[in-house]
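Asks: The transmembrane segment annotation in TrEMBL covers 14-34, 54-76, 96-117, 129-149, 161-181, 193-217, 263-286, 298-319, 340-360, 410-429, 453-474.
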Amino acid sequence: MTKFNDIFVEAKRLIELALPIILSLSLSCSMSVIDTVMTGQVSAQDLAAVSIGAAGWNLLFLTMTAVIMALTPQLAKLFGERNYSAILDWVCGGRWFALLVTSVFYAASVVTLYAISRLDTAPGTIDLASNYLLFILLGLPAAALLQVHKSLSESSGNTKHILLVTGIGVLLNIPLNYLFIHGLSLDNQTVLIPAMGGAGCGMASGIIFWLTLIGLIQIQKKDKQLTHKIFNTDDSNDCKHRNNFSWTVPKEFKTIASQLAKVGIPIGLAIFAEVSVFTYIPLVIAHLGKIQVASHQIALNVSSMMFMIPLGMSQAITVRTGYHLGRGSPQMAQMVSRTGIAIAFLFGIASMSLIMLNSNSIPKLYTDNEEVLLLASSLLILAAIFQLSDTVQVTAAGALRGYQLTTIPMILTLVSFWVIAIPVGYILGLESDVRSYLETIIYLPDPMGAKGFWIALISGLSANGLLQTAYLFYIQTRRHTATHQDSFSPL
């Protein structure tokens with residue numbers, strides 16, 4: 001009965017932690033929808049430009065924040081240990097680490113801007129896309145520092161902080177978008193803010209990152225329970241200054257930065273591998289025509305919205321696993337990670353059922369083109385199956401991050417996406433010399449276009465889910481065995 005009660009309590013705690021994260025992730029996605037709608041009302045060129053610029057930004061932003069995300073399990077572990085003085089050191093050190101990471105990604109943005117300039121599209125579209133990226137890059141340092149403070153809120157169990165500031169950011173997005181898209185003038189002579197077109201969405205987003213960062217820091221400073229823990233420590237702490245987050249570099253910064261890089265860089269590479277696959281596939285199938293691309297985009301959009309649920313649960317699993325490891329309870333860490341994966345899997349089944357039952361009606365929300373409706377409906381069946389694989393792989397990876405094990409998961413992700421998914425997609429989706437050769441050995445159906453790539457994604461994600469889960473169970477079994485042996489070792 002006690003074990004069942006523990007599972008129930010942890011399941012409840014996981015859902016309480018995950019729900020605000022899921023809602024905040026969904027709100028963040030809604031900002032891209034708002035940008036799409038508002039730029040689409042300006043012109044098709046502005047819409048295309050924002051789509052291109054946003055694709056480049058997302059690759060940079062998601063990879064960068066993934067690296068800094070290494071702070072979350074470390075802080076969760078320290079909260080479990082009740083080592084509050086060290087938490088302040090890691091937050092301050094994490095902020096300086098985030099700025100170092102920002103400088104690297106500013107350099108990477110030069111490559112991204114160059115890649116955009118080489119695209120085979122109208123020059124006006126290229127200029128707008130480049131300006132969008134340049135404007136939103138003004139918010140890159142804020143985005144990096146925001147991830148540090150999100151890690152603090154998540155690891156301390158205060159995920160509602162993140163939901164609040166994200167909601168405010170969404171509310172500000174519409175008026176700021178309008179302001180920078182259309183400009184502001186007092187009369188025909190005096191222009192206060194020039195009209196930037198679609199690129200103005202980048203400026204609005206950059207400003208929102210800074211406002212969100214300031215808002216989250218203020219909320220954290222006013223949280224008496226949090227500040228009592230991390231500021232009311234011994235006066236020797238270098239990073240404590242008048243109940244504020246000091247910019248003093250902690251004495252242990254080199255150790256902090258080294259540990260964050262060790263854990264964070266593999267997370268960043270794994271996220272890059274995954275995001276780049278979803279960025280790459282539309283480019284590969286583009287020559288098959290607009291019907292294939294549009295249908296793929298509908299299925300991907302629906303799947304991405306559903307992905308917020310397992311992603312939020314994954315982040316909650318990271319926190320609770322790290323916390324219990326800090327408490328010196330590997331058995332509870334094992335229980336909470338497996339409970340979280342099981343809960344997410346049940347949500348995955350629900351998502352799969354929902355998409356399958358509405359596979360014919362969902363595409364009608366996007367278009368009335370009969371060809372797109374037909375193909376998108378069939379792709380949504382595959383996207384529904386995709387939910388189960390995606391749920392398992394992201395939650396297992398979240399549990400492993402709680403153990404601060406990221407190198408092997410990164411390798412497994414690279415293999416699953418780029419060694420399995422992409423080659424299988426080429427073989428099933430497109431005509432190629434490799435496919436022609438394989439047809440002499442085995443039976444292959446006719447090239448399936450976008451369908452072939454969705455089957456490939458399911459294959460890659462399923463492989464990743466199985467491998468990540470197997471590795472997690474191996475680590476947990478090994479640690480449980482070691483703990484059991486230690487408890488009976490002679491004095």
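Positions of Cβ are set from backbone N, Cα and C atoms, glycine also.
Curation plays no part in TrEMBL annotations; they are all automatic predictions.
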Asks: In terms of Cβ proximity under 8 Å, which residues at least six beyond the ends of the transmembrane segment (54-76) contact it?
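Replies: Apart from its flanks, the transmembrane segment (54-76) reaches 32, 35, 87, 90-91, 94, 97-98, 101-102, 105, 108-109, 112-113, 115-116, 129, 132-133, 136-137, 140, 143-144, 147-148, 151-152, 154-156, 202, 259-265, 267-272, 275-276, 279, 315, 318-323, 326, 401-404, 406.
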Asks: Which stretch from 129-149, 161-181, 263-286, 298-319, 340-360 shares the most C-beta pairs under 8 Å with the transmembrane segment (453-474)?
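Replies: Between the stretches 129-149, 161-181, 263-286, 298-319, 340-360, 263-286 has the largest tally.
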Asks: Please work out whether the transmembrane segment (161-181) lies in contact with the transmembrane segment (129-149), by counting C-beta pairs under 8 angstroms that are 6 or more apart in sequence and asking whether there are at least 3.
Replies: no
Asks: Using a Cβ distance cut-off of under 8 Å, indicate which of 129-149, 263-286, 340-360, 410-429 has the most pairs with the transmembrane segment (14-34).
Replies: 340-360
Asks: Short question: which residues 6 or more past the ends of the transmembrane segment (129-149) have a Cβ under 8 Å from it?
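Replies: Distant contacts of the transmembrane segment (129-149): 48-50, 52-54, 56-57, 60-61, 64-65, 68-69, 71, 91, 94-95, 98-99, 101-102, 105-106, 109, 112-113, 116-117, 119, 196, 198-203, 205-210, 212-213, 216-217, 220.
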